[in-house]
Amino acid sequence: MVCHYNESVKFFYDISKKNISGMWQTKDYVVVSLGLLVCVFVIFANILVMLAIFMNRRFHYPIYYLLGNLAAADLFAGISYMYLMFHTGPWTIKLSINQWFVRQGLIDTSLTASVINLMAIALERHQTIFTMQLHSKMTNHRVVLLIIGIWLIAILLGLVPSLGWSCICNTSECSNMAPLYCRSYLVFWAVLNLLTFTIMMAVYTRIFIYVLRKNHRMSQHTSQVKQKETVVNLMKTVVMILGCFVVCWTPGLVLLLLDGLCESCDVLTYEKFFLVLAECNSFMNPIIYSYRDKDMRDTFKRILCFPCLGWQQTEEHSGVRFNTLKQERRRRVLQESWVARKARDGDGEQANRGQLVLKEAENMLDSTES
């Protein structure tokens, strides 16, 4: 077995029959322009989310920490993709093997971290909804360990090709889309992401079915307006999450599978456009998970208006209440006490009375906070 560590990147591209143009063409300009535009949106949107979670104490709970980590992963994806845009096209021929692995490793790490974060958020929502909690009881220590674990897995998967799972010593296994990667690695990475997507879909489907059935039982004894709104909002969120993931990731994952399983398939024609489409998922995540939250929207407005109006003036006009942790704990105690009372009293008239008590208590709390 002969290894080709001293060869140039062009050597592997020639083996894979992936053309590297020495001159800039119209396609190169279009891809780089679209890529940079996407990067700007990704970086801006995710910095905004991270600032909002950091500044507003109302978001200092496990679900928002995971959203912040998702924003960090997507921010890293935007930076990594911007690095790729400045090392693609005719610039590729000037890269060494190690530089090429760095370029691809950054992309693999960032996108993998983003996908794993989506999975973690789905599981966290599943746990809180099925235990009827307002927020997860996961400690900050466990959240930190979970976040560290997410990044360790993402970094490991990003380093795997450079650590040996490549075609440098077996050029017959070189893929077309990533000429230094083995076809088997592309299949592994594509199947892993498709499996993650399948699990996410199953989790959100189970949540939706559970809430629908719970709503049907509760509507026999309580007002149906609130429950219907909950079901509709949940359905919209689920459709947006799954739809965005399918639209952004499926084309690229299918291409990876074809590249790994079919040597004669033409996968290079739409490769870069599908990569840009996958990257779009990184700026859609803040919209889906954060912008639909009214408190998050108000915090965004406060941050964006700060340079023009000033902090105090913005607070007076925006109506945003940055609740303290103490106030949030009081609200959480009210929620948990209502759940306990409902479980003790059962459905029917007692459950109605418990819900009214909770509503009155929350109104009192809101008035004291104001």
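Note: Cβ is positioned from N, Cα and C throughout, glycine not excepted.
Packing against the transmembrane segment (29-54) from elsewhere in the chain are residues 60, 64-65, 67-68, 71-72, 74-75, 77-79, 81-82, 84-85, 88-89, 272-273, 276, 279-280, 282-283, 286-287, 290, 296, 299-300, 303-304: each is 6 or more residues past its ends and has a CB under 8 Å from a CB in it. According to TrEMBL, the feature transmembrane segment maps to 29-54 (among others).
Mean predicted confidence for the domain 'G-protein coupled receptors family 1 profile' (45-289): the pLDDT average there is 82. Taken from TrEMBL, the feature domain 'G-protein coupled receptors family 1 profile' covers 45-289.
Residues or ranges marked as transmembrane segment in TrEMBL: 66-86 (among others).
Feature annotation from TrEMBL assigns transmembrane segment to 106-123 (among others).
Tertiary neighbourhood of the transmembrane segment (143-165): same-chain residues 62, 65-66, 69, 73, 98, 101, 104-106, 108-110, 112-113, 116-117, 120, 180-182, 184-185, 189, 192, selected by CB-CB distance under 8 Å and a gap of 6+ residues from either end. Feature annotation from TrEMBL assigns transmembrane segment to 143-165 (among others).
The annotation transmembrane segment is assigned in TrEMBL to 185-212 (among others).
Per TrEMBL, transmembrane segment is recorded for 233-258 (among others).
The transmembrane segment feature in TrEMBL is assigned to 273-291 (among others).
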